[in-house]
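Notes for the one structure printed next.
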Amino acid sequence: MRVTSSLLLVALGLVDLTTAHPFWQDAETVLSASSVSTNQQKADAVKEAFQHAWNGYMKYAFPHDELRPVSNGYGDSRNGWGASAVDALSTAIIMGNQDAVNTILDHIKSIDYSKTSDQVSLFETTIRYLAGMLSGYDLLTGPAANLVTDSDSVDNLLTQSKNLADVLKFAFDTPSGVPYNGLNITSQGNDEATTNGLAVTGTLVLEWTRLSDLLGDDEYANLSQKAESYLLNPQPATTEPFPGLVGSHISIETGEFTDGSVSWNGGDDSFYEYLIKMYVYDPTRFKTYKDRWVLAAESTMKHLVSHPQPRPELTFLSSYNNGNYDLSSQHLTCFDGGSFLLGGSVLGRQDFIDFGLELVHGCEATYNSTLTHVGPDSWGWDPKRVPSNQKAFYEKAGFYINSGYYVLRPEVIESFYYAYRITGNSVYRDWVWNAFVAINATCRTDSGFAAVTNVNAANGGSKDDNQESFLFAEVLKYSYLTHAEDAEWQIQEGDKNTFVFNTEAHPMRVKHT
Ligand SMILES: *[C@@H]1O[C@H](CO)[C@@H](O)[C@H](O)[C@H]1NC(C)=O
Ligand SMILES: *[C@@H]1O[C@H](CO)[C@@H](O)[C@H](O)[C@H]1NC(C)=O
Ligand SMILES: *[C@@H]1O[C@H](CO)[C@@H](O)[C@H](O)[C@H]1NC(C)=O
Ligand SMILES: *[C@@H]1O[C@H](CO)[C@@H](O)[C@H](O)[C@H]1NC(C)=O
C-alpha cells in the first residue's frame, strides 16, 4: 500500500514535536552549545571534525588501517594497506585539504597490494581501496586538478588501481564467473564458499567498469558484468518472489540463486543501489540495470512498505521470506531513501521521490527518538516482539531497538543529503546538521571518533574502541557536502549528474562527460 501525499504532509509538517518527541529538548541544548549558524560555518565545522580525526589517525595509527580512538592504538582490519588514508582521499580532495591529499598520494605510492597476511575481501577492497583511488584520479584529473601539481602522483592512482585489480581478478575465475569474496592472494586460493552474497557480488560493477573505461581495456568490466548478469536474470524463477526483488545468495558453481529471501538490508543493499547508479554512470550501456531497479522499486512500494502500529505516519521497509514478513530494519538499510530519490529524480518519477522522502522521514525518526539523537544499528516494529523493557519507548517512537550500537555508519546522513539536493528543502539539510552535531557530541574522543554501544543511553553508553575508515569516506563527506557550495561533484537533479557516488561515497566521473 502506498501512503497518499496528504499523509506525507502530516509527516512533513503537522507532527507535534513536543508530544511526539520528548527528548527533543536535549537536542536544543546540544545545538545551542555550538555557535555556528551559516552554512559556511557548518561546512567549516565538518572540516574541523575531519582535521581532528585525521590528526589523531596520523599521530597514532598511520599507515595502519584504522585508529583505535579510545586507546590511541591502531588496527589492520583491511589488510594493512592504510585503509583510512585511501578511504579519506576523496573527502580530503573535496574539502581542499592539500596537506592530507599529498600525504595520502605519497602513501599510495608505497602500497604493495600483492602482499598481506590476511584474507582479502573482494567487496571491501573494491569499495574502499579501488574506488578510493579511482575517485581520487577522477577528481584530480577533473574539477580538483589544481590541488596537486605532481602529475606522477595522480597518474599513480590509476596505475595502482590496475595493480590492485590484477591482484584480485583471479576471484572471478570460477565455473560461473560469480566470484569468491574471501581470497588468499598469496596462494590464489579462496574461502571455499559455495555461494556468494547478493550485495558483495552486485557491488563491484561500477568500480571495475570505471577502471576499464579509464584504461581502455574491457577485461575488468567484462569480469564484473559477467558476474552481474546472473543477478539481472535470476534463476530459478522462485528466487524472484516479486518482480525485481531477488534472493540473497548465488551459487558460485552455477550462477543460480539458492534462496528467495528478499530485503534492502545489509547483505542485499548495494546490489539495488548499483542498479540505478550504473544507469547514471552510463544510460546507454546500462538501461537493463535501470529496468531491473524500476521493477525492484515498484515491488518494494507494493510489498515491503510497512508502517509501525503506534506511528502509522512512519514508513520502514520490511523483509520477506517464503510468505513471511520480518518487521525489522537496519541503519544500513537507510540508504534506501537516497536510492529512491536518485532514481526518481533521474527518471522523472515523482512517485519514487515521494516514497524516498517517506523512507527518509522514517530514518530521521530513528535518530530523533533516541536520547543521543543518533540512530541505532537495528530496530523492529513487530507488535508481537516488543521487548518488555521497551514498551513505553515503542509506543512513543514507533519502534524498539534491536542493537543500540552506532558504528559511525553514514546511510541516514547520506539519504538526507540526497533529499536536500533533490528537493532543495532545507529541512533535510537541518537533519544532516543535527545528526552531525549529535555524532560529534556522542562519539568524539581526544584523537578521533569512536563507535558507541547504546544510542539511547547517556553519552551513547560506552565507547567501542574502533574508528572505521568510512567515517572519513562517508560520514564527514556527506555532512560536508550538504553545507558546501555547489560543485561538479555534488548530486544534481535529473540527468545533470557528472559524478556518481560508489557505495563508499567515492564520486566517480560518469561516462558521458
Ligand atoms: C594463504 O596461503 C598461503 C600459502 O598457501 C598460506 O601460507 C597462508 O597462511 C594463507 N593465508 C591465509 C590468510 O589463509
Ligand atoms: C569483453 O567482452 C566483449 C563483449 O563480449 C568482447 O568483445 C571483448 O573481447 C571482451 N574483452 C576481453 C578483454 O575479454
Ligand atoms: C523527527 O522525525 C520525524 C519523523 O521523520 C519528523 O517528522 C520530525 O520533523 C523530526 N523532528 C525534528 C525536530 O526534526
Ligand atoms: C564538536 O566537538 C568539539 C569538542 O567537544 C567541539 O569543540 C565542537 O564545537 C563540536 N562541533 C560542533 C559543530 O558541535
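Backbone N, Cα and C atoms are what each Cβ position is placed from, and that goes for glycine too.
Under the heading Ca(2+) binding site, TrEMBL lists Thr503. Under a cutoff of 8 A between CB atoms, and with a sequence separation of 6+ in the same chain, the neighbours of Thr503 (Ca(2+) binding site) are Ile127, Thr203, Ser270, Glu273, Tyr274, Phe335.
Sequence-distant neighbours of Cys363 (disulfide bond) (same chain, six or more apart, CB under 8 Å from its CB) are Cys334, Gly337, Gly375, Glu411, Val412, Ser415, listed in sequence order. For Cys334-Cys363, the entry in TrEMBL reads disulfide bond.
Residues or ranges marked as signal peptide by TrEMBL: 1-20.
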Three-state secondary structure, which DSSP defines for Thr503 (Ca(2+) binding site): coil
